[in-house]
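Peer 1: TrEMBL feature annotations, pasted as is:
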type	residues	note
TRANSMEM	9-27	transmembrane segment
TRANSMEM	39-64	transmembrane segment
TRANSMEM	85-103	transmembrane segment
TRANSMEM	123-144	transmembrane segment
TRANSMEM	156-174	transmembrane segment
TRANSMEM	180-200	transmembrane segment
TRANSMEM	302-323	transmembrane segment
TRANSMEM	335-357	transmembrane segment
TRANSMEM	369-390	transmembrane segment
TRANSMEM	396-417	transmembrane segment
TRANSMEM	429-451	transmembrane segment
TRANSMEM	457-479	transmembrane segment
Amino acid sequence: MKQVLKRNGIFTLLQVLVTGGVYFFLYKYLLDSIGVDLLGVWSLVLVSVASARLSELGFASSVVKFVAKYRAKGNENKASEITETALVTVFSIILIVSILSYYPLQVVLGFLIPQEKVSYALILLPFALITLCINTVSGVMMAGLDGCQRMDIRNVLMMSGILINLGLVIILLPDFGFIALAYSQLFQSLFILLTAWVFLRKELPSFHLMAKWRKNVFLEIWRYSITFQFTSVISMTYEPVTKGLLSYFGGLPMVGYYEMANRMVMQIRSLIVSVNRIFVPAVAEIVEIDVNRVKLLYLKTYDMFFSINLLLFGFLIVAVPAISDIWMGDSNQVFIVFSWLLVVGWMINTFAGSAFFFNQGAGSLRPNLIAHSLICVLNVTLGLFLGFVFGGFGVVIGWSLSLVVGSILLLIQYHLFNEIPMAQLIPESGWNTLLLVTFASSVVFGAIYLFDLHGANALLVCSVVYAVIVMLGLFMTLIGKRILALLS
């Protein structure tokens, strides 16, 4: 199990790093090529279409748990039946919903996007819906690979797909214009669909090309999937609500800058969350064998990820001004403020990542649902109120506060339910890391402003100074020893 987790973790980290690098280059290229307004249009179309995925009822995510469960019991035929039934169910629903939502989405986009830019959104819309259907089906197959503990394969396919997308955008955009974004994403989705099927067949030979739907299997995973989907439905409203309010109170350019800031912060967050996600099938297996091992595994992972979380987000806080200089050519205050607000919200949310995924693997989904429901309600109410008061900045402040409150609630609930002392919400090593990050960040900010550094020079100084201070500090703490043990 340890070697499997290490392999999956390494490839997951690699995928996040590659994806982050690609998106950094892609967004800068699009900003220079089509401008921030059309970047905002593209973002709104994608997030509007993604709302149709709410209809997949959580079956794709259920595949991970149930495939892992039945493989742990040695029943690979049942694991294949789970995957096939989920695939047929999801494809049927998403196809119908995509067709029915085409015209309503046109109305929604017409409301959110200025009249002179609506035509661009309508060009993208049909391609985005087709891509959504393909991605939803391939998502079930990817979930099957996850359940087979082959997240390494999944991540290789994801890396290949994003690189193909980048290459096609660069090749097609000069000749085809804005529509090239749709062409490149469609080709990427087809590539992932076909390759995911090939590799899933190798892991589950009984998985058929012509998938069959089985009523008894459907009923077995229904309860888990519907509870999971309620959580997914709620979480998938976050981005449309935030961007919709931001478009209304702040305008399309603010949506574009928010998209870039959010993408950047989410890539850093993905370094931790993606590795945390590998514990879902692991916990699902352990629960079937020895439930007492789950608490011990949680404490070890929470302790380690808490400090890594602080280190990564601490670096991002000091690097944001330099990234703005490089990405946009100047110190864009909207981008910088949005980035810092999102860092605070998502950092606290990421602390609760272990609790969320351990609940998911153990089949205890109600706490996750409650926490996400609270975040949703707060996002709408705070976004509206603060949006009226502070405009677009108020919307993002409300969103960040919502994440903080809901995430802390989930953490407290998990510790109470599993009889973990509240003092361990901040592990002993976490206090040391917090002091280390505070000191390193202060030194970096001081150096940047003392020597008036900007752009690449500021980022270089930020990276080197922060890394040196952190590395020296890590070797003097318990978390440093644990990271070295993990890598050995």
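Positions of Cβ are set from backbone N, Cα and C atoms, glycine also.
In the displayed structure, how are the listed features positioned relative to their neighbours?
Peer 2: Away from its own ends, the transmembrane segment (9-27) comes close to residues 39, 151-152, 155-156, 158-159, 162-163, 165-166, 169, 259-260, 263-264, 267-268, 270-271, 274-275, 277-278, 327 of its chain (Cβ-Cβ under 8 Å, at least six residues beyond either end).
Below 8 angstroms of C-beta separation, residues 11, 14-15, 18-19, 22-23, 25-26, 29-30, 33-34, 142, 180-181, 183-185, 187-189, 191-192, 195-196, 199 of the same chain, each at least six residues beyond the ends of the transmembrane segment (156-174), sit close to that stretch.
Sequence-remote contacts of a segment are chain residues at least 6 beyond its ends whose Cβ falls under 8 Å from one of its Cβ atoms, and for the transmembrane segment (180-200) they are 30, 42, 83, 123-124, 127-128, 130-131, 134-135, 137-138, 141-142, 144-145, 148, 150, 153-154, 157-158, 160-162, 164-166, 168-169, 172-173, 207, 209.
Using a Cβ-Cβ cut-off under 8 Å and counting only residues 6 or more beyond its ends in the same chain, the transmembrane segment (302-323) has close neighbours at 264-265, 268, 271-272, 275-276, 331, 335-336, 339-340, 343, 346-347, 350-351, 353-355, 424, 426-427, 429-430, 432-434, 436-438, 440-441, 444-445, 448, 453-456, 458-459, 462-463, 466, 470, 477, 479, 482-483, 486.
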Peer 1: Can the transmembrane segment (335-357) be said to touch the transmembrane segment (429-451) if we require at least 3 CB pairs below 8 Å and skip pairs under 6 apart in sequence?
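Peer 2: Output no: the transmembrane segment (335-357) is apart from the transmembrane segment (429-451).
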Peer 1: Is the number of Cβ-Cβ pairs under 8 Å between the transmembrane segment (396-417) and the transmembrane segment (369-390) three or more, considering only pairs separated by 6 or more positions?
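Peer 2: Stretch pair touches.
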Peer 1: Please indicate, using numbers and ranges, the residues of the same chain that are 6 or more beyond the transmembrane segment (369-390) and have a C-beta under 8 Å from a C-beta there.
Peer 2: 227, 230-231, 234-235, 237-238, 241-242, 245, 248-249, 352, 356, 397-399, 401-403, 405-407, 409-410, 413
